[in-house]
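Following: one structure in structure tokens, then a few remarks.
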Amino acid sequence: MNPRRKKRLGIILAIFFGISATVGLMVYALNQNMDLFYTPTELVNGKDGKKPEVGQRLRIGGMVVVGSVSRDNESLRVSFDLADVGPKVTILYDGILPDLFREGQGIVAQGVLKDATTIEAFEVLAKHDEEYMPSEVAEAMKKTHEPLQYTTEQKEGNAQ
């Protein structure tokens, strides 16, 4: 093999290994940031025949059980139960809860599984209807906006 071919082969191999290393690092990073979504029933009973491992990062969504919210008087630590149609899962959270958080409300918590039915959350998101409007905004709109009056032609549209 002449020197020119050796140089080309070296360049091609360097490019190949560089691309392979880049793809490998990307897959590793995506794996580390991937949080699987579970409901409380799926967490306890398993999802597709597989239960998450203790220490695994995950997201869980469900309804906050009425009467289960417990706040620590000394800190921002809160614990509450989350349920869907089956078993309950306890969520432990240290931080300020969203304004829309309340008992009976849907939430999504992101955290780490501590044991089979307990999650140490580092983020809690309150779910709400897409038509949600803060009461202050609704009152202001009632005062300044009159409801639109449609004619029968406008209500029927372009139906021909």
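Backbone N, Cα and C atoms are what each Cβ position is placed from, and that goes for glycine too.
Owing to the predicted nature of the structure, the values given are computational and were not obtained by experimental measurement.
These features come from Swiss-Prot:
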| type | residues | note |
| --- | --- | --- |
| TOPO_DOM | 1-8 | topological domain 'Cytoplasmic' |
| TRANSMEM | 9-29 | transmembrane segment |
| TOPO_DOM | 30-160 | topological domain 'Periplasmic' |
| BINDING | H128, Y132 | heme binding site |
For the topological domain 'Periplasmic' (30-160), mean pLDDT (0 to 100):
83
Specify the count of other C-beta atoms within 10 Å of the C-beta of H128 (heme binding site).
12
Can you tell me how the residues of the topological domain 'Cytoplasmic' (1-8) break down into helix, strand and coil by DSSP?
6 helix, 0 strand, 2 coil
